[in-house]
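Structure, as structure tokens:
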Amino acid sequence: EAVELFTSIGLSEAKARETLRNGALSALLRQAVLQARSALGSALDKATGTLLYNAAARLRDPKHLGFLVGYIAGRQILTDLQLNGTVWHRDPPFGSGWEERALLLTSALSSAALEYLRSHPLEPLDTVDFERACGVGVCVTPEQIEEAVEAVISKHRAELLVERYHFNMGLLMGEARSRLRWADGKTIKNEVDLQVLHLLGPKTEADLEKKPKATKARPAPAEKQKAAVVENGEVGTETQSLLEQLRGEALKFHKPGENYKTEGYVVTPNTMALLKQHLAITGGQVRTRFPPEPNGILHIGHAKAINFNFGYAKANSGVCFLRYDDTNPEKEEEKYFTAIREMVEWLGYQPYAVTHASDYFDQLYIWALELIRRGQAYVCHQKVEEIKGHNPPPSPWRDRPVEESLLLFEDMRKGKFGEGEATLRMKLVMEDGKMDPIAYRVKFTPHHRTGDKWCIYPTYDYTHCLCDSIEHITHSLCTKEFQARRSSYFWLCNALDVYCPVQWEYGRLNLLYTVVSKRKIIRLVETGAVRDWDDPRLFTLTALRRRGFPPEAINNFCARVGVTVAQATMEPHLLEACAREVLNEQAPRAMAVLEPLKVTITNFPAPKALEVLVPNFPADESRGFHKVPFKSTVYIEETDFREDVDKGYKRLAPGQPVGLRHAGYVIAVQNVIKDASGRVIELEVTCTKSDTSEKPKAFIHWVSEPLVCEVRLYERLFLHKNPEDPSEVPGGFLSDLNPDSLRVVHNAMVDSSVLSAQPFDKFQFERLGYFSVDPDSKEGKMVFNRTVTLKEDPGKA
């Protein structure tokens, strides 16, 4: 019956069945169709059906739906433009000048019917004002359309005559529509076609040729990535593209205090008064929050959340709270609280305030009592196993008397029930079909902040929205999997008559070749596959810091991923590319040899060591120099010498000299010394000054009087892109470990310029890659982690 009803207004059978899967939408659409049929006393044409569908799908407010359907059925709202305020036209095949890739927005009229109703949620509505805002009764004559198009073409006449049919005709459409707000788009298009044809005549062969795309000059990496901004009187450096994206989101998000304009937001008789109080407290300021659970270390996905929450507030002159969601005392540890704040600040953000869900336990408990008194919550004794899944049996205690639930909830608080014997549940059905989510459960675990005061703890579903309300958050930004909780978010705030923020969802950020779940990282640590949460092969933020990734690189990576609703799964080499860009500008140069080969210069020009000045940044010598010793014994990479020369080999070999970088000397092999097994263990060479020698084919790095250091070289921890996917890795993620993910060079040699470096200091070891000082370093033995190689491994792309 429902399918037949929906197809009768022009929906395809597939679309009708899809609509039926959305219970709320199908109920509203049924109401709209039956009301329109009753008013018209006849079948509905497709145009009216489309308007009714759009009204039901976009308004989602049964209180105003009947009002709007009355205007549609009465033929007073006739077009989607009047209904939605915006009309989209696909570029017609006018010619190659029309940009076929785009949908052109020809009008943005914010005061059409749906927008008007969202902006005026309370009764009674001013029908005169509504009709004026929606163009009810407005008639645009053909003469008015002709005059408007004529004026627009006259304005662009010179460009039209030059570009002819390559001109963007959508521009003419848009400008003509802006002059005549309620004109029919098809009529405007026909008039534009007619007048352009009259001006230019029929198309020529040249008009039919495709217009070449203009190439944009690529900005320098520094220009593209960074821009100076002034905030709070201080000049800082921010990722411009991220701030631009987040400022752009402000156009899609509601303004503070205009929560009711958000689609799906529930308006109650107290909403406007609560929003007025909210604005008085915040002064119209954007407020966001980053609410991690303190039961693990943050990972790369959290970096996007941090950037989005803190960045959105910053981009819109607002503030962001760091709020620990500490409602599960069994899994929370102080080290996680500390590490989370460190990582937020390491990424360059300062919380407006650091708060805890536990700060509000007293208020949350008072509200739980109020929820019971209002008949919206009850104490239940079903076991957790009974209520798992999407179709659990309804609770036999759902309708128990309010007074009984109040007494039982008090018994829960006093510890009279064991764990799992009683819960407090809210009376609602969530968007994913889950019924009556738990608000409180019993846990006899001391809390790290409140001690033994409580043996009942609130759940995420109960705590989150109420903490947002207490802190007067304007935009509650969370990942897409929380979309199913949006209805419970709105429901709970409204059930208690407290300020209700707006929840907005965005897509998660995931990386290939890794795992980020706490449970799986713990398994990696327990099995010895990695050392700890900060093992540089992981993609936790502490691990990335230890490996040497600069925070700017992580922020730039998040900016490149973008603020998307869809989940983003990225290759690690894209993050590595961001690191190279930043480290190229930040990491001073040094020389290091991983596999040393001793070289003795038999004709060294001085009786003692010389000092060589090496630029910290060869491309910009104004950034300073450091000194390294140069004496008769130096060390080069084993791979920079060969006895037998292949075609194309340019480094050191008998008869083939090379230059020593920065030293100003060229060396030539005189004698090759080998051990008993025939392995080359030393070279004897002569040197000549570079300015008196023939230019060598290559210059190689070297060290003299070096520091002996440990260097750790990292590769991917897993062999497959999706180690958690059973179809890709049937044996489970622990069976997919890369045996070559870590190679330790115990006796690498690094020039003495790094002697005073501290943990996390970064260097480019010339010709080798970017390296960071590891916290394991101690006096007499420095340890370096390779962050990334100088160039991307083609196999990783």
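Glycine is treated like the rest: Cβ placed from N, Cα and C.
Your range for region 'Disordered', going by TrEMBL and the list 208-227, 468-487, 688-707, is 208-227. The largest share of C-beta pairs under 8 angstroms with the domain 'Glutamyl/glutaminyl-tRNA synthetase class Ib catalytic' (285-584) comes from 699-774, of the ranges 1-85, 110-185, 699-774. Across 1-85, 110-185, 699-774, the stretch most heavily in contact with the domain 'Glutamyl/glutaminyl-tRNA synthetase class Ib anti-codon binding' (587-687), judged by Cβ pairs under 8 Å, is 699-774. Assigned with DSSP, the residues of the domain 'Glutaminyl-tRNA synthetase class Ib non-specific RNA-binding' (110-185) fall into helix, strand and coil as follows: 51 helix, 0 strand, 25 coil. In the predicted model, the domain 'tRNA synthetases class I (E and Q) anti-codon binding' (699-774) has a mean pLDDT of 96.
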